[in-house]
Amino acid sequence: MNNVRIVSTGSSVPELIITNDMLSKLVDTSDEWITTRTGIKNRRVSVDKDTSDLATEAAVSCIKKASVKAEEIELIIVATVTPDMFTPSTACIVQNKIGAFKASAFDINAACSGFIYGVDVAKSLLGCGRFRNALVIGAECLSKITNWEDRSTCVLFGDASGAVYMEVSDKPGIMKISTGAEGDKGNSLLSGALKPNNPFNRNNTSPYKDHFVKMNGQEVYRFATRVISESIKDIFEEFNLTEKDIKLIIPHQANLRIIEFASKKLNISIDKFYINLQDYGNTSSASIPLALNEAFEKGMISEGDKVIAVGFGGGLTYGSLLIQF
Ligand code: UT7
């Protein structure tokens, strides 16, 4: 198998910032509740851009940094739960918008673990020689599936995109990827965009009521704290790593309390964890590549550094990465 490395990163967020105080005028909540229960202060909401627009912006900035021309790209994968439409895929829309006319393109849905799943698929296809490079994008307009009258969910989510450009390489690059799913818990985080309206089904007992996100927060919280800790621990053990061997851990940005739990349980300093959920909230599949790009832009990752990324969410799914840059 070929080694595969991440060459460059990019991201994009909408301009509109919605603060906790603004939300407290919409629903019965407060900055104090949102901050202490989640750590979130602001989130971005897209007024006029679709998921493919945010994905395209992240892609353009990412390939510019890699000095690659769009027509050289061979594979585009977009991870999203908020595609512009069912077909064409968001990846095909991006392919057209950036002019990557030679690329194969498709979407995947693994919710908040989608970016890790996307990197996994791309790494496998590059590793076996099927393609030589790939653009993997996590992009979401979660505002479209957020019920702005439901205080238990509307304070959590935001819109964003992030992208990585990957190439076959001599360097170690992506050293390890794990993914998994616990579909038996799928009903604890739902967005049922497809209404079961088959006219022959007179006795519809589907749990799907509409497209809004519905979450059993505590059940997902228990899952998240378990899988984030296990995923990081497994990587440390397999590669015989200590805290000082890792430059950064980039977790999915769902809740500060989940990250603090993992930090305490694993006895890893909270400073090792990259945290930007205070600025963007939970952006599902965009959260890890957005954070990764920010960490690069702040100069926090250099060549040779090892970084762990870990995702968890709808499905329920989880996944983790060990990368050497
Ligand atoms: O990205 C996918 C992965 N997602 C996650 O990992 C999310 C995991 N879950 C969580 O992060 C947390 O469960 C939440 C942040 C969603 C909720 O925090 P919680 O500490 O589990 O709160 P809760 O749901 O137990 O609600 C506590 C109280 C309830 O009131 P009562 O029943 O105690 O009177 C809620 O009605 O807080 C109330 N509440 C609110 N109050 C003010 C719920 N949402 C709000 C709100 N403002 N926005």
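Placed from the backbone N, Cα and C atoms, the Cβ positions cover glycine too.
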TrEMBL annotation (region 'ACP-binding') - matching range among 93-97, 213-217, 218-222, 253-257: 253-257
Integer Å distance between the CA atoms belonging to ASN282 (active site) and HIS252 (active site): 8
Tally of residues which DSSP labels helix, strand or coil - the domain 'Beta-ketoacyl-[acyl-carrier-protein] synthase III N-terminal' (106-183): 26 helix, 33 strand, 19 coil
For CYS112 (active site), nearby residues of its own chain (Cβ under 8 Å, 6 or more apart in sequence): HIS252, ALA254, ASN282, SER284, SER285, SER287, GLY311, PHE312, GLY313, GLY314, THR317
Per DSSP, three-state class assigned to HIS252 (active site): coil
Cβ-based isolation winner (fewest other Cβ atoms within 10 Å) among the active-site residues HIS252, ASN282: ASN282
